[in-house]
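J.: What Swiss-Prot records for 108, 109, 110, 111, 112, 113, 114 is ATP binding site.
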């Protein structure tokens, strides 16, 4: 049996794919940088070998799966090609692998990871399901009927897939280092829609998704009355959210989610619509929604003394807004303190004003230095340019986070897609 060697095994897609192959009995190993990345924990729990990058890792008989961050000139990839071994890019391999299952791709500018996690949790209670979530979680299940995956629009990677179903949560301008504008983003989603084989579940409250054309049925969900699946009578409190679902204006059932913010109602609606389409029993859906514990780096909470510390991946103005909204729903009596690390110079430059407006929704704002991507050079932009647009915003350094102790009884939200967790860990050490 071939050994699958992953070049960049700690990637947020690569790690779960390695987990899935391992769970299905394949021989798996990989290489990556030696710095700790949270995605390696699940690999280590399965005793999947992780090696430092070295051409000597490449042995005869291997199949090499290459992460997208690594060019063909990477020493391991060059060695594999020189020895005539199969070298397959992550998305191409996954696109072929999906064809064995009823595949459900979850895509959209925001909400992909949470919706993928929620759908996986619910639908696996109905039928055996394998899943790949962009928080580094993967699970291969023997005799799987469904395969649920997070599919990202960045660099049009999701066009490697021809899924049976697609959930489309929203279309928004992001990844300005690749997409020219919102029309370019829409074009990518429109192309994706034409590759879906059975049906599309799309948010009908999104003006761009309403324009999608497809060769399969498009089922719309949302708060507006025109949607096929509509949430009504939404009740938000500190324990979570309850809402009624109407299917084409006929009452279906009442659902409860232990989650906060309107965006989580929409994520749940997408899952309800897909499961209804696949004739999953409503009691299974209700139980799954109630017992979902969330995904990594999405509103992950811990209590420290009088404070609540939240770790969240929010790195776009829209995401910051809904994360602060969720915190206000759960903790209406507390101050909200945003500790934000912008991710990439291009994104920060493109959305400078929007970042400022979204962060102003917090009571206090602390800004970390911009986290640059490996793909870009630092421009002239500095974190001071964002600070100028937010009255009373302060800069914070990883080596001195003690100022945060001043905010007694507050909710501190550490947000970003870079290494914002370093700041959270540093602050926890101050408190220890």
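For all residues, glycine too, the Cβ spot is worked out from N, Cα and C.
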J.: What does DSSP say about residue 111 (ATP binding site): helix, strand or coil?
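T.: Coil, per DSSP.
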J.: Near residue 108 (ATP binding site), how many other Cβ atoms are within 10 Å of its Cβ?
T.: 26
J.: For the recorded ATP site formed by 108, 109, 110, 111, 112, 113, 114, name the remaining residues of the chain with Cβ within 8 Å of the site's Cβ center, in chain order.
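T.: Neighbours within 8 Å of the Cβ centroid, excluding 108, 109, 110, 111, 112, 113, 114: 106, 115, 169, 170, 267.
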J.: Let me check the 10 A CB neighbour count of residue 109 (ATP binding site). How many other CB atoms are there?
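T.: Other Cβ atoms within 10 Å of residue 109 (ATP binding site): 23.
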J.: Under 8 Å between C-beta atoms and at least six apart in sequence, can you list the same-chain neighbours of residue 112 (ATP binding site), or say none if there are none?
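T.: In sequence order, the residues whose Cβ lies under 8 Å from that of residue 112 (ATP binding site) (at least 6 apart) are 106, 134, 150, 151, 152, 169.
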J.: Write out the long-range same-chain contacts of residue 110 (ATP binding site), meaning residues 6 or more apart in sequence whose Cβ is under 8 Å from its Cβ.
T.: 169, 170, 172, 263, 316, 318, 319, 322
J.: Let's check the environment of residue 114 (ATP binding site): how many other CB atoms sit within 10 Å of its CB?
T.: 26
